[in-house]
2 protein chains.
Amino acid sequence: LLPLLSLMCCPAAAYVDEPNLSKSFLSHYEHDHEDALGSSEDTRLHVFTLDYDYVQIPYEVTLWILLASLAKIGFHLYHQLPRLMPESCILIAIGALVGAIIFASDHKSPPVMNTSIYFLYLLPPIILEEGYFMPTRPFFENFGSILWWSVLGALLNSFGIGLSLYAVCQIEAFGLTDLNLLQNLLFGSMISAVDPVAALVVFEEASVNEQLYMMIFGESLLNDGITVVLYNIFIAFTQMHRYEEIESIDVFAGFARFFVVGLGGVLFGIVFGFVSAFMTRFTRNVSAIEPLLVFMFSYLSYLSAETLYISGILAMTACAVTMKKYVEENVSQNSYTTIKYFMKMLSSVSETLIFVFMGVSTVGKNHEWNWAFICFTLLFCLVWRTLSVFALFYISNKFRTYPFTFKDQLIISYSGLRGASSFSLAFLLPGNLFPRKNLFITATLVVIYFTVFIQGITIGPLVRYLDVKKTNKKESINEEIHVRLMDHLKAGIEDICGHWSHYQLRDKFKKFDNKYLKKILIREHEPKSSIVSLYKKMEIKLAIEMAESGMKISKPSTDSLQSGGNRRVHRLSPAEVESMRDVLAHNLYQVRQR
Amino acid sequence: LLPLLSLMCCPAAAYVDEPNLSKSFLSHYEHDHEDALGSSEDTRLHVFTLDYDYVQIPYEVTLWILLASLAKIGFHLYHQLPRLMPESCILIAIGALVGAIIFASDHKSPPVMNTSIYFLYLLPPIILEEGYFMPTRPFFENFGSILWWSVLGALLNSFGIGLSLYAVCQIEAFGLTDLNLLQNLLFGSMISAVDPVAALVVFEEASVNEQLYMMIFGESLLNDGITVVLYNIFIAFTQMHRYEEIESIDVFAGFARFFVVGLGGVLFGIVFGFVSAFMTRFTRNVSAIEPLLVFMFSYLSYLSAETLYISGILAMTACAVTMKKYVEENVSQNSYTTIKYFMKMLSSVSETLIFVFMGVSTVGKNHEWNWAFICFTLLFCLVWRTLSVFALFYISNKFRTYPFTFKDQLIISYSGLRGASSFSLAFLLPGNLFPRKNLFITATLVVIYFTVFIQGITIGPLVRYLDVKKTNKKESINEEIHVRLMDHLKAGIEDICGHWSHYQLRDKFKKFDNKYLKKILIREHEPKSSIVSLYKKMEIKLAIEMAESGMKISKPSTDSLQSGGNRRVHRLSPAEVESMRDVLAHNLYQVRQR
């Protein structure tokens, strides 16, 4: 990697402030080009010329992405490394190294981890990938617990950390008396944002069970929205505090914003999801642009939500969940593969870049060290996280069929990794309102480094040591049929008992979906049942696997084709499956309607 | 499309000059955000807030891409349209409509067709796709003719049009006497750039034979480089002309630049291609980022070349051609599909956007109409094109085994479509040196509209009417083996005769490739022969086709699997193919070495 690092230094040395950079880039052809060719002293024609300003922005973006990719390749080249620590640690370390080199050569760190870059370009691909590949069924099955834990957990952590730190600030010996209550609450909201990136990377590598994964996933999904709203409210309050009193109407408006941000985001996403699903009905002859529709509509939902200050994260997730079902049945097999792998690629690059940039931005002059504040912040983060997990799950477990065990709760409280979103929010603080901004940045960085390095490295071994139930999911037609049968059965039993729950809600939605939505959103003559599409998916997967393995083993691949043909499951033709499904569905509905 | 058009107007109405827009975007969080929350008159907390500046750039980029996609979908929705005219016409028309709406609401056209946007972002994906999917064999087989025709053709057209127009300008009645010789030559070089986009789109739709396609492809590839160099040289000369005399050394420097630009570009591309191929050796565990390496390295080669003012187009093409061979054998099947389809998607979107933007930029105030100049430009474009085609092919046909027929030459001379590159170069002209810049823009636009609409619409019927030999390519293992056999044979015969030609060159390169390059660039334990990789590719293609068709027809798909297994070609296991290849290659080499 060292040659690349030195390569990165050359453009870095040419760094200027970003607004200037951008201006010179945009006006390149209006002014700079003429200068280069004309009014400079030397007007002779040269065989060689150089114009770096012109390509600076795309050039440096490309170089950063390549650095990130090479760091990733290097990390996976040594087989011991991935077992020892999560990727994020190495990436941050590399970023810090690059940052140090740039700082040493230039005496200022490059403005890479700009907040708008993070929220506009780096975060969306990750959210999209998470939303698109989210297992919808377990998410909605655990929806109550997720909502309870993520909303109350975020509030409890924010206010807990903020108030405790305010109490610490009252001790004069620490030199923190100038920090008022609002500033501490704001810092609490900022530091309690669990990162959607850092935590899930670790969990995917450890492959914990679905129920546990869904809690962390749901938390990172909702948590972020809540902390951003809290953060904005507290900044607005701090602002008001300077000019006038905060009235009770403001506090009510603050509460109202929570609902607007959350529900508005989801609604936005669903609308965009339906529109994009509808669009893919008409792309039969232009299948090249099918992936584009998926990417552009979901990004548009995110941007539109962000414009209105409602949760872009929720909007994009809702959009991805909504469109996935219908888009996948409409688009061609090649578009499906492209969407899937390009999404994974984009989110993987974004993730890598975020960690590298976080490392780069660590090195700089904007730090203020205060032992008391930083140590207490770290302590309160750990204490309040543990307290809130055990308190909230104690209550929610009473309503669950499968309660979360003590081990699960321990893992959840240990997985409170902080990441780029806390960091971006700290950088975003308006300096004129927060004279101790640098202290906040330093404290945030310490918490991030502590959680990512210490907790991140140890959480894998902890999961193995506690022997948490691992995942063992594998989709089959058999499972699909039985799950559907059980759904109808449960809905029927509840019908008889007069009880109303999510089984019936789901049943009602499925009816509505089959009757109206699918007819509008899915192309005609396409397989209409999820069993048939699952069958199709498995068939194609198998075919590709056979073709690929036929290349690896020395036995003729035709053998594997023929032996595959003899297995029971392949004898099921789509027509047979369709009729089977019809018989099942018909009989079950008839029973229920009676 | 109308609802979308009105949607496009809202953001368009908010358009400001681009530098301002960019500044406000970048400083958003430093200033605007504080303003929005703080120092404005109304400091109350709101339930709803809106901040459009923050998301403006990505939002509008997304909307433009969506408009382009929807235009494309709409075009293919009516089955009559694609048969009547090429897509480009409709896209330009839609662009002009949108431009007119924006102009009517805002009284200035949006700055979408910025030259740097075209050269930095829209052109590269198209070049990459063309280079990556270029049939290398026919290209190098026709290399001499391509070089002869594209280099001399471009020079002949540039000087021919420039000098003829200068002659016309001497007639005082037309009011063009202020245009000097250099300005006319510059305009000639600008207008003679045949567009790599417009011509190939038409040719792919008409699916003409490979030899003809390669001539147009090669022309657009080299032509562009030559006209851009000519353009830069003439601008530099015009500049010099104001201050001092042009010396003979400048003219020599101008000639030297041609070679630097061309050969430098190719060299750059080859180096980057090898580096990226080498990188993909190590991505076995991080296959998610494999497509990224391909895209980023080729883009980097383009940008690096552009920085040094050498031909980015040639660099990117050379990079794509070089990396393709090795990358495809290294990456996983899913990455291969993603690279292929994402490349197609990107280039298709770029193409669409270029045409739409060209339409949008047509509407505006920067036009000057002069009947004489415009009509003569159009006339000379047609005349010089026809003249140069027939003159140059008359000579080159004497050296060819398969000469280009009269029909072929007619098609080539008729396919001189001008497009976005001429347009961008016209916009790029420095206003202080060219007082009649607006006249040049108008004339360029007229030529583009004439060639795209009139020639573009009629070239399809012309190809059908002339009954030009169409393409009927289909790859098979049989062909691959025979072609290889013939290559060895021809090289052997030439060896005996003592004649030295490109068959021997190719043979020498293949030996070198097998001995060194493949060992360095391709992963170990991968199939090393192009026959084996072709077999693998066909096998997978067949498998996917079987799985997909198994869903469409009602017969059980296992039948098709088994019947497929009975065909002769599938009985060939990779091991058998490998041994067959070895026997063939070995024997042939032995014969030759004797």
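In case you wondered, yes, glycine gets a Cβ from its N, Cα and C as well.
Look at TrEMBL and you will find B:65-464 tagged as domain 'Cation/H+ exchanger transmembrane'.
Residues or ranges marked as transmembrane segment in TrEMBL: B:84-104 (among others).
Per TrEMBL, the feature transmembrane segment maps to B:116-134 (among others).
The annotation transmembrane segment is assigned in TrEMBL to B:146-169 (among others).
Taken from TrEMBL, the feature transmembrane segment applies to B:181-203 (among others).
Per TrEMBL, the feature transmembrane segment maps to B:215-237 (among others).
Outside the transmembrane segment (B:258-279), and at least 6 residues removed from its termini, the chain residues within Cβ reach (under 8 Å) are 222, 225-226, 229, 293-294, 297-298, 300-301, 304-305, 308-323, 325-327, 330, 517, 520-521. The transmembrane segment annotation in TrEMBL covers B:258-279 (among others).
Under the heading transmembrane segment, TrEMBL lists B:299-321 (among others).
Long-range contacts of the transmembrane segment (B:341-363) within the same chain, counting only residues at least 6 positions beyond its ends with a Cβ under 8 Å from a Cβ of the stretch, are 64-65, 67-69, 71-72, 87-88, 91-100, 102-103, 109-110, 112-113, 118, 121-126, 128-130, 132-133, 197, 201, 291, 295, 419-420, 423, 427, 445, 448. Among the features that TrEMBL reports, transmembrane segment is placed at B:341-363 (among others).
For B:369-395 (among others), the entry in TrEMBL reads transmembrane segment.
Summarising the annotation, TrEMBL assigns transmembrane segment to B:416-434 (among others). Residues of the same chain lying 6 or more positions beyond the ends of the transmembrane segment (B:416-434) and with a Cβ under 8 Å from any Cβ of it are 88, 113, 115, 118-119, 122-123, 183, 190-191, 193-199, 202, 224, 227-228, 231, 235, 238-239, 242, 354-355, 357-358, 361, 381-382, 385, 440-441, 444-445, 447-448, 451-452, 455-456.
The transmembrane segment annotation in TrEMBL covers B:440-463 (among others).
Sequence annotations record features per position, and here TrEMBL assigns domain 'Sodium/hydrogen exchanger regulatory region' to B:555-594. Mean model confidence for the domain 'Sodium/hydrogen exchanger regulatory region' (B:555-594) is a pLDDT of 51.
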Intrachain neighbours beyond the transmembrane segment (B:369-395), with Cβ under 8 angstroms and 6 or more residues off its ends: 148-149, 152-153, 156-157, 160-161, 164-165, 168-169, 171, 173-176, 187, 191-192, 404, 409, 412-413, 416, 418, 439, 442-443, 446-447, 450-451
